[in-house]
Amino acid sequence: MAVKVLVVDDSGFFRRRVTEILSSDPNIVVVGTATNGKEAIEQALALKPDVITMDYEMPMMDGITAVRHIMQRIPTPVLMFSSLTHEGARVTLDALDAGAVDFLPKNFEDISRNPQKVKQLLCEKINSISRSNRRSSGFGAASAASAAAPAAPTSSSRAPAPTTAPARAVPTRTAAPATAPAAHAHHAPAHPTTSGTPKRKAYKLVAIGTSTGGPVALQRVLTQLPASFPAPLVLIQHMPAAFTKAFAERLDKLCKISVKEAEDGDVLRPGLALLAPGGKQMMVDARGTVKILPGDERLNYKPCVDITFGSAAKSYGDKVLSVVLTGMGADGREGARLLKQAGSTVWAQDEASCVIYGMPMAIVKAELADAIYSLDDIGRHLVEACL
């Protein structure tokens, strides 16, 4: 069954080009277009698309307001188009808070001169978002909750961590690779327990990797951590260079722990989360120092979860607690394999709470996950495991 898409943009040129690009994919059909947020709501109610592409700056009603209304009235995955500026980043993060699932840079030059590149990225995202939404029955409730949630505060005061009801972990059987060091071999029990309480350990580092759906997921996890959280954290979110600084600033305002965009030479310390800068790679060494490297064009992801996880395995051995959250693709799987070989712990987000069950699924299918947790429980379990 073809994916039904509603295209929303006040630019006639952009609307036509996006429609042409999507229509060239045999798995996608554009069922309608809209020129502003008000029309988008009307068309969404009438056409019931599987996915909506949405501009944010439009007359009559902006994209963020439209997303909030859509999530409350007819929850539908929304892919935002955003300008690659600091202000564009701020607005895009507001849209993700409102319930949008992902975003793409709005680049008129690319869509004019390099439509094949845009087609590959846009169609891949549309198809992945649609597949994930069809698998999951929880999108509507989660999206409505996002739309009803208050916007991010503008003050720099630390926000109180939300409380969540305990939920059961679903540990998975893990086979340690044959190359794992014998002293650090990590095996799952033959009959895994269903207890929600993770094993406590003196972790020296918590490493979290994510992609599509990650901004909201990271916010949900990190706001549950106390200021006294005893381990340093490194965060790897697939995101353009113009966005990561704004995202780190937003998290810092929302969380009790401190969050900043990582810089070369930063020192890891308890209660500080360092976010990998967009367009670059982040590594950690055994002295607790962060190294920021230029993005390698041979790698699909900049930043790349595998790169950071691999450096953590080399530098900290069995003292890393890694978490793979929602995201497309399989980034993080090979890094998690190295962590497992070193004896470290790997968690994955469960399918039901993922926007895109790609990266966590890769971990689970490779039998690398020590436990699978719902998004709402990961923050609480981090506290239980590390305190």
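Glycine too: its Cβ is placed from the backbone N, Cα and C atoms.
Annotation source Swiss-Prot lists 4-aspartylphosphate at ASP55. In sequence order, VAL8, ASP9, ASP10, SER11, PHE14, GLY63, MET80, PHE81, LYS106 make up the list of same-chain residues 6 or more apart from ASP55 (4-aspartylphosphate) whose Cβ falls under 8 Å from its Cβ.
Taken from Swiss-Prot, the feature compositional bias 'Low complexity' applies to 148-183.
The annotation region 'Disordered' is assigned in Swiss-Prot to 148-199.
Summarising the annotation, Swiss-Prot assigns domain 'CheB-type methylesterase' to 192-384.
Taken from Swiss-Prot, the feature active site applies to SER211 (among others), supported by sequence analysis. Non-local contacts of SER211 (active site) by the CB criterion (under 8 A, 6+ apart in sequence, same chain) comprise GLN237, HIS238, TYR301, THR326, GLY327, MET328, GLY329, ASP331, ILE356, GLY358, MET359.
According to Swiss-Prot, the feature active site maps to HIS238 (among others), an assignment based on sequence analysis.
A sphere of 10 angstroms centred on the C-beta of ASP331 (active site) encloses 26 other C-beta atoms. Summarising the annotation, Swiss-Prot assigns active site to ASP331 (among others) and lists sequence analysis as the type of evidence.
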Quick one: mean pLDDT on the domain 'CheB-type methylesterase' (192-384)?
95
